[in-house]
């Protein structure tokens, strides 16, 4: 039996740096598979179809909902975001580890379906820094900035639903920690027991 | 409040290579503290007082038992082995991580007192290899070899009581995995939550 891969969920408040961390993590670890989400929001500058997101219309998204094609989906600031089920399942069954970069609302839904997943919460170094990052992103109006910041603060309270928390003060350090978490999770007794076979004859 | 250190219990069947792994782990990580056990067995060649064990008389050991000075103690092949409580507690309270290299019987006792400890089971690559290692050690008679081997086989069944299992096929690899387990455990939400403080003012 082929050993199933790990589902690694990278999540946390808006502005914590999930995206930067995932990008660096994937660049260093070519065998990790990134699950690309669907969204109905407009692409930000530099975002590419099929790399950052699949950008789809509201009609298409709602059709996919009806066909039960999402692992999870949610509405955030009036836009749909969702994780297509098929890709994740295929890669896990092939034995590949899959990275899900996802907001907290979505992560909690995934956790219900994949309690065996590894849930990592990315923390900004401080709330001050979080504010700066949201401002720097520059795509926000004064009002949406306030909404995002308050929401990020509320979201940090969900940390206790996760397995791990990684503070994103230095991206490289954060990535190293996530790599260690993946290696450690593969050493969990429950996982190792499926792969070792000992008999008294040696 | 100073953050308490991690108690890292390295355990597993006789001949799995716990000692070799701990030695290499400690050489690479100078801030890890090794808890040195007391034993009434005779020193093996090369073993040093206060480094490998504190070699004490049966009378002294039983006196320490009466004074409740052990975290755990056990009789293995007719000899006492025990972990003095004071050193472990002092170092953990200073915020230092403490390594306990200990047999399975002892590890299970420690787990009752320190459920927060990180329990790592060292596995030999195979039972064949385990037999070779016990023979190579050369300090065993035919009978004690058989006893040790059968006991090692029985002991592997206790793996499920541990958090992690690390196969000792290459010492360097095994050490790297343990280093990752330590880093990952420090990222556990329950531990991070004690150290981060966020307020809405930033």
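These residue numbers are counts, starting from 1, taken along the chain as shown.
Keep in mind that glycine also has a Cβ here, set from the backbone N, Cα and C atoms.
Per TrEMBL, these features apply:
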- A:12, A:13, A:14, A:15, A:16, A:17, A:18, A:19: ATP binding site (BINDING)
- A:5-183: domain 'Guanylate kinase-like' (DOMAIN)
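Sequence features, as recorded in TrEMBL, placed on the structure.
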residue: A:12; record: ATP binding site; CB count, 10 Å: 29
residue: A:13; record: ATP binding site; CB count, 10 Å: 28
residue: A:14; record: ATP binding site; CB count, 10 Å: 21
residue: A:15; record: ATP binding site; CB count, 10 Å: 25
residue: A:16; record: ATP binding site; CB count, 10 Å: 27
residue: A:17; record: ATP binding site; CB count, 10 Å: 24
residue: A:18; record: ATP binding site; CB count, 10 Å: 20
residue: A:19; record: ATP binding site; CB count, 10 Å: 13
For the ATP site built from A:12, A:13, A:14, A:15, A:16, A:17, A:18, A:19, further residues of that chain with CB within 8 A of the site's CB center: A:122, A:124, A:130, A:133, A:152, A:168
Segment confidence, the domain 'Guanylate kinase-like' (A:5-183), expressed as mean pLDDT: 90
